[in-house]
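Trainee: Got these off TrEMBL a minute ago, pasting:
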CARBOHYD  A:Arg148  N-linked glycosylation site
SITE      A:Arg148  site 'Required for activity'
SITE      A:Arg155  site 'Required for activity'
Amino acid sequence: MSSSEINKNEVDIVIGALNADLTQFLNSWKPFFSGFHLIIVKDPELKDDLNIPEGFDVDVYSKPDIEKVVGAANATMFSGYSCRYFGYLVSKKKYIVSIDDDCVPAKDPKGVLVDAVSQHVTNLENPATPLFFNTLYDPYCEGADFVRGYPFSLRSGVPCAASCGLWLNLADLDAPTQALKTEQRNTSYVDAVMTVPLKAMLPISGINIAFNRELVGPALVPALRIAGEGKVRWETLEDVWCGMCLKHISDHLGYGVKTGLPYVWRNERGDAVESLRKKWEGMKLMEKSVPFFEALKLPESAVSVEDCVVELAKAVKEQLGSDDPAFTQAADAMVKWVQLWNSVNSSG
Amino acid sequence: MVEPANTVGIPLNHTALLKDELDIVIPTIRNLDFLEMWRPFLQPYHLIIVQDGDPSKTIAVPEGFDYELYNRNDINRILGPKASCISFKDSACRCFGYMVSKKKYIFTIDDDCFVAKDPSGKAVNALEQHIKNLLCPSSPFFFNTLYDPYREGADFVRGYPFSLREGVSTAVSHGLWLNIPDYDAPTQLVKPKERNTRYVDAVMTIPKGTLFPMCGMNLAFDRDLIGPAMYFGLMGDGQPIGRYDDMWAGWCVKVICDHLGLGVKTGLPYIYHSKASNPFVNLKKEYKGIFWQEDIIPFFQSAKLSKEAVTVQQCYIELSKMVKEKLSAIDPYFAKLADAMVTWIEAWDELNPATKA
């Protein structure tokens with residue numbers, strides 16, 4: 001699907017600004033952001049003014065704006081990498097595409113710049129196939145189809161809730177891994193989009209992601225903060241937690257999550273060795289989260305996304321709350337998030 | 001357009017990995033000319049050729065290959081009455097080769113599969129990639145978004161639980177095909193000109209609990225870990241169905257692998273599939289399967305093996321009982337198939353006494 005076939009009015013591009021100077025970032029994305037509406041949310045803890053180049057249709061939100069909408073007490077929910085969730089909250093569009101501000105467009109093996117926005121929207125507009133694995137990956141793309149043995153009743157697929165993209169150059173590795181392999185760069189361009197199967201868990205990265213806001217908006221929860229969360233991805237887990245919730249809810253409601261294309265090119269920032277100490281907290285939390293999500297069954301009565309988030313939060317509090325205060329805080333944040341979502345979007 | 005690789009001039013690999021631990025099983029009804037192209041990669045290995053169809057025909061094997069060949073007479077002689085479980089006039093007969101092998105690993109390939117080229121134009125040594133896949137752990141409990149984490153240049157991504165990074169043993173390596181894709185008959189009829197030209201440079205583990213349509217064209221597995229589950233069913237002559245052999249094996253294998261904590265990988269390597277079979281002939285073979293699979297899939301998706309089933313044979317026998325109980329209502333064929341599954345295990349254990357539970 002080319003850029004011209006996408007209805008740009010259905011898309012908001014949400015950028016969380018953790019860096020003040022967005023000139024290089026936005027100019028590098030200009031060919032692909034042009035014609036789209038941008039929502040830029042400034043990390044409330046960032047002191048400097050944002051530097052945004054001309055030529056973009058953009059609404060900028062900073063701390064005072066956030067406080068006006070959600071109240072000063074709730075503004076802390078949107079600090080650091082979580083600032084982008086405020087953009088999700090106030091958007092009025094069907095699809096959201098969100099990319100970290102240290103990424104630029106990647107080149108495909110032919111040397112052509114990848115239009116990540118178009119690819120994400122294409123992924124979201126086409127069905128997902130979580131109920132049976134297609135060995136030729138995305139059956140709806142040009143030149144591919146369902147293989148022999150794929151049940152016909154499953155070939156219309158289900159709605160796609162999220163599109164998780166990947167990264168060339170600096171892949172989204174954790175601090176211990178990157179610290180060990182300082183020179184490692186991801187040079188492998190895997191030319192595929194696929195649906196992550198039902199019940200399979202995965203670590204969703206917020207670096208390059210898109211989702212159907214109308215379908216699952218409230219499920220993208222800014223909830224888990226590790227102690228000493230920082231301003232580099234190695235020092236966060238918020239997106240991974242959010243992704244676990246999103247996948248579980250999608251599975252429960254019969255939606256699909258895709259992974260693979262598009263790639264973005266991710267640049268150097270921070271020091272993996274420095275981040276090692278902080279990351280350890282995150283690893284422990286992940287270890288506890290996995291068996292929780294594996295065993296979790298949302299009640300049949302949870303039929304809306306909001307219901308699912310609330311039920312999930314309840315389960316987190318009951319089953320994980322005693323393990324770590326971070327989980328209790330996450331559960332509370334999830335409930336608060338749904339309340340905010342409903343009040344901000346009550347007219348829509 | 002995609003072309004097969006030209007392997008003329010590629011030197012023979014004298015240090016071929018696992019050459020004394022792996023058998024290559026090839027079913028054939030016509031000839032083995034295709035092996036000429038595979039010579040640099042496959043000659044160091046022992047072949048087990050399962051000759052289907054008329055046993056009086058002589059199959060010419062290219063010079064220099066070390067092989068054993070079995071035709072229908074041999075199968076009948078070796079298995080006696082148990083030979084009834086081995087299909088006739090269908091490539092499903094290849095599983096006889098798995099049974100008589102004495103090696104740890106099997107690579108099976110169809111006789112219309114040639115060497116593929118990777119995007120740089122280099123000839124793909126499919127067997128070498130399969131071996132890498134089998135010798136490396138799988139990661140079925142959590143999906144890695146960068147695919148195979150053990151591959152050069154890759155790793156587990158942020159958020160991947162450390163306790164799951166050791167992975168589990170890999171039982172199956174499922175390869176793919178460029179050029180003629182493995183479509184069912186209806187799709188072939190609708191898209192007769194479609195060719196798979198997309199080289200997806202990834203190997204991945206199929207998550208636990210997820211089923212897939214396994215293709216026997218380009219497949220390798222650890223015979224010690226999962227061999228007895230690789231029964232390719234009752235197809236061909238005298239049977240109401242064809243072209244479901246490998247898929248049936250794949251569903252049984254996946255359920256058992258999930259139960260025993262073993263991994264199944266899919267993706268690389270690619271081979272070049274040269275021959276498109278006749279879609280009208282295929283439709284006649286597959287016709288019933290297309291309806292039946294609507295019931296077969298939910299059956300496998302909900303199949304639960306008992307805690308007491310700890311060997312592959314035990315798992316397989318349990319599965320056969322479930323097949324008889326739950327699928328016979330669809331068609332009496334399934335009762336026959338369930339019996340054949342038991343016969344297969346009996347024959348396997350007879351020919352492979354050391355691997356008995």
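Here the Cβ of each residue, glycine as well, is placed from N, Cα and C on the backbone.
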Trainee: Of A:Arg148, A:Arg155, the recorded positions given in the record, which has the fewest other CB atoms within 10 A of its CB?
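Mentor: With the recorded positions A:Arg148, A:Arg155, fewest surrounding Cβ atoms within 10 Å: A:Arg155.
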Trainee: Tell me the Cα distance separating the residue listed as 'N-linked glycosylation site' from A:Arg155 (site 'Required for activity'), rounded to the nearest angstrom.
Mentor: 12
Trainee: Per DSSP, A:Arg155 (site 'Required for activity') is which: helix, strand or coil?
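Mentor: Its secondary structure by DSSP: coil.
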